[in-house]
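A short write-up of the structure that comes next.
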Amino acid sequence: MSQTQAERMRSVFINVSKIPLLFLFLYMFVCSLDVLSSAFQLAGGKVAGDIFNDNAILSNPVAGLVVGILVTVLVQSSSTSTSIVVSLVSSGLLNVRSAIPILMGSNIGTSVTNTIVALMQAGERDEFERAFAGATVHDCFNWLSVLVLLPLEATTGLLRRLSQAVVDTFHISSGDKAPEMLKVMTEPLTKLIIQLDKSVITGIAMGDEAMSNRSLVRVWCKNHILTSSVNVSVGDSFNCTSVQPCWQSNATTWTTQNMTLLVNIEKCSHLFVDSWLSDLAVGLILLACSLLLLCTCLLLLVKLLNSLLQGQVAKAIQRIINTDFPYPFGWLAGYLAILVGAGMTFVVQSSSVFTSAITPLIGIGVISIERAYPLTLGSNIGTTTTAILAALASPGDKLAAAFQVALCHFFFNILGILLWYPVPTTRLPIRMARTLGQRTAKYRWFAVLYLLLCFLLLPSLVFALSMAGWQIMAGVGVPFAAALLLVSVVNMLQVHRPGCLPVRLQSWDFLPVWMHSLQPLDTLLTKVTLCCAKGGSEPGLIQCSMDHDGPQKRSHMSTVCNTDRHSSIFPV
């Protein structure tokens, strides 16, 4: 055998051996997402339940939207927040009108997971730009859909009427629970780490005071209900029957009653079953460990994918995934991608897992953002179909309400797709996500600021304003919305029709720099970072002005220092 043949066979063997590793890292990546969700529920699940318990808040559509965002961010699972909403509606504690804004907020909150995953690719600028754009296209779609459909729903009740019409038209009967194909594979490992009693969050949301003092960490995994007959004393007014006969003994009336007792049989076998730590402490430990595992698996996945998808292989895969059908059927490829996204999400039972899994592929360039967009839209539909199947498995008296809530979630995503996909010029989420990707590639700290603003600070501010009353909210919100709309229109005209604007408005240069550029903030953050690094492991950056090798060398060092000073505070 020649040396060339031996090298070729060795290369093939190495590449084939990487495939099992790829699946192993993908499996660990999905498990880390599951543990991350459990960690967030331990840290914030009871708070989420308390928020849901305030019906006065939930009756306000804007407050309901923000509650849906914050709760889903807290528990890192739209299925958990949706199931709580379904339980509240089924029990009569929440009406369908109030539930719809919460479901819209849940749609926004669930997109935070793949945005966090995109942050793990911040090490390489081009990859980070693509990955962050691919992740935030989901955010942009959800925000734009809410901006249109929430006011429409508040004024016309469109989603509620549509879902009610479907419930009234079809004879709905209970079905089977949605298949949990992915959990069959991941639960053997995740159950050894942590198991949660999610009924605690639902109980708190439904006002059960006894649940407030219970831990979310499950201790007993097997129990048995015992029913036995016991003699109890009753008053004279007790109605005795042939089924429940009474008798007198020592001037006391007695009868026989059935008592039900829950007997714990077998303890769970996860790591924290006998832990003395609080739910918050366990949640923080799991949060740190799951994020570390998530980062590690993602980095290894990206490296393996980069090594496997090289040369002609990468080009062939990119051509297959991103190709369009021949004219005049090119438009069909996007709709096929929507079906694929819906089907894959139905299989894995989680839109967060699916969108997080394709984020690294977007980053390395295998999937374009134009193809990722319909895949994400399909994923939104897929996660609602599993909720519909779960609703169909509800008891008969709760079936109609649970099914209607699930249908509202489904119709919200369908109407969002009709708004922002069929006509190419309306695909604003792609352009918005590209802009965000470019911004975060230039200033990588902006990604963290974006996460904090969109999923924590802005929802909290809107929530506070909505609680202050509609007058205050309108007084703050209307001018802000008008200013935002004006700036957006001027920006579009500056790019496409600058001649339509006065000379002064053809650019924003007449404003202070900090009002139209992130550079001053970047400079400030970089200076703070350099000050913190003084005396650290990069003395060349701090001591560049004290070089003693002559003026030529000193000039070179000054240039290097200046370049580093204006680069991202997260250098490659």
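Numbers here mean position along the shown chain, with the first residue as 1.
A Cβ is built for glycine as well, from the same backbone N, Cα and C atoms used for every other residue.
Unlike curated records, TrEMBL annotations are generated automatically.
Listed in TrEMBL for this protein:
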type	residues	note
TRANSMEM	21-44	transmembrane segment
TRANSMEM	56-75	transmembrane segment
TRANSMEM	280-302	transmembrane segment
TRANSMEM	332-361	transmembrane segment
TRANSMEM	399-423	transmembrane segment
TRANSMEM	443-466	transmembrane segment
TRANSMEM	472-493	transmembrane segment
Does the transmembrane segment (280-302) come near the transmembrane segment (472-493), with 3+ Cβ pairs under 8 Å (pairs 6 or more apart)?
no
Are there residues at least six beyond either end of the transmembrane segment (332-361) with Cβ under 8 Å to its Cβ atoms? List them, or say none.
26, 29-30, 33, 37, 76-79, 110-111, 113-114, 117-118, 121, 131, 134-135, 138, 178-183, 298, 301-302, 305, 323-325, 367, 371-383, 385-386, 417, 421
Under 8 Å between C-beta atoms and at least six residues away from its ends: which parts of the chain pack against the transmembrane segment (472-493)?
62, 462, 465-466, 500-501, 505
